[in-house]
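First up is the structure itself, then whatever we jot down about it.
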Amino acid sequence: MIDKKNITGMILSGGKSSRMGTDKGFLSFNGKSFMQHSIDALNPLVTDIIIVSNNKDYDVFGLKRIEDDIENAGPLAGIYSGLKQSKTDYNLVLSCDIPLISSTILQKLIDAIDEDSEIIQIESHGKTMPLIALYKKQCERTFLKLLNEGERRLQYAVNQCLVKNIILNDNEAYFTKNINTPEALKDITI
Ligand SMILES: Nc1nc2c(ncn2[C@@H]2O[C@H](COP(=O)(O)OP(=O)(O)OP(=O)(O)O)[C@@H](O)[C@H]2O)c(=O)[nH]1
C-alpha cells in the first residue's frame, strides 16, 4: 500500500495551444480555470503539486513552477523536466486541458500501483492517455536518452518503459475529455 506522501502531482502547461488559440490553462469552465480543475483533482491525492511551464503567469496559483529543461520539445520534455526535479518515486502527471477530470479517476491509477509497472496510464475509448498517468521517477533516465536522440513522441517514449493501461468504461471516459479547440469547449459548456 502506498502512502500519498510519496506522490508528487505535476501539471504540464507549455506548448503552443495552436488549436485553441489561447493558453488553455487559463480558460474557464464552470467558474474555474482549467488549471484549477487539474489542481483540485490532484490535491486530495498528493502532498505537492508542480506546474511545468515557462509561463510566469502560472505563478498566480501559488504553486512551485519549474521550466522546461529542453525548450519547444513538447510534453515528453515537460514530463522529463518534472521528473528530474521530483523528490518522490511516484508522480501523477496531468495536462492542463482536461477540466472534467476528477480525483476518483486519478485514484484508479494509484490503486493500480504494483511492483513492476514504471508507468500506469488511462485508456479511454481505446486511446491511451499518457497525460493522465502515474510515472515512476526512474523513467527520467529513459526519457533523457530518447530526448537526446531527438525523440519527441510521448507515447513512443512511454512504450519504452514498463507500462500498464487502466481501461475506463464509457461513463468514466467522459471525465478524461481533452479540450483542445473552442468547439470542444462549447460542447461541454452547453
Ligand atoms: N511543459 C510543457 N508542456 C507542454 C509542452 N507541449 C505541450 N505541453 C502540454 O501538454 C499538454 C498537451 O499538449 P497538446 O494539446 O498536445 O499541445 P498544445 O501545444 O497544448 O496544443 P496544440 O498546439 O493545439 O497541439 C498540455 O497540457 C500542454 O500544455 C511543452 O513543450 N512543455
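Keep in mind that glycine also has a Cβ here, set from the backbone N, Cα and C atoms.
Feature annotation from TrEMBL assigns GTP binding site to LEU12, SER13, GLY14, LYS24, ASP68, ASP97. Annotation note: ASP97 (GTP binding site) sits in a coil segment as assigned by DSSP. In sequence order, MET20, LYS24, GLY25, PHE34, ASN178, ILE179, ASN180 constitute the residues six or more apart from ASP97 (GTP binding site) in its chain with CB-CB distances below 8 Å.
Marked as Mg(2+) binding site by TrEMBL: ASP97.
If you look up TrEMBL, you'll see 9-154 marked as domain 'MobA-like NTP transferase'. Per-residue pLDDT, averaged along the domain 'MobA-like NTP transferase' (9-154), amounts to 97 for this model.
Under 8 Å, Cβ to Cβ, and six or more positions away along its own chain, LEU12 (GTP binding site) finds VAL52, SER53, PRO75, GLY78, ILE79, GLY82, VAL93, LEU94, SER95, CYS96, LEU131. Counting neighbouring Cβ atoms within 10 Å of each of the binding-site residues (LYS24, ASP68), the lowest count belongs to ASP68. Taking every pair among LEU12, SER13, GLY14, LYS24, ASP68, ASP97, the residues listed as contacting GTP, the largest Cα to Cα separation comes to 18 Å. Annotation note: LEU12 (GTP binding site) sits in a strand segment as assigned by DSSP.
Within its own chain, GLY14 (GTP binding site) has VAL52, SER53, ASN54, ASN55, ASP68, PRO75, GLY78 as residues 6 or more apart in sequence whose C-beta sits under 8 angstroms from its own.
Non-local contacts of SER13 (GTP binding site) by the CB criterion (under 8 A, 6+ apart in sequence, same chain) comprise ASP23, LYS24, GLY25, MET35, ILE51, VAL52, SER53, ASN55, TYR58, SER95, CYS96.
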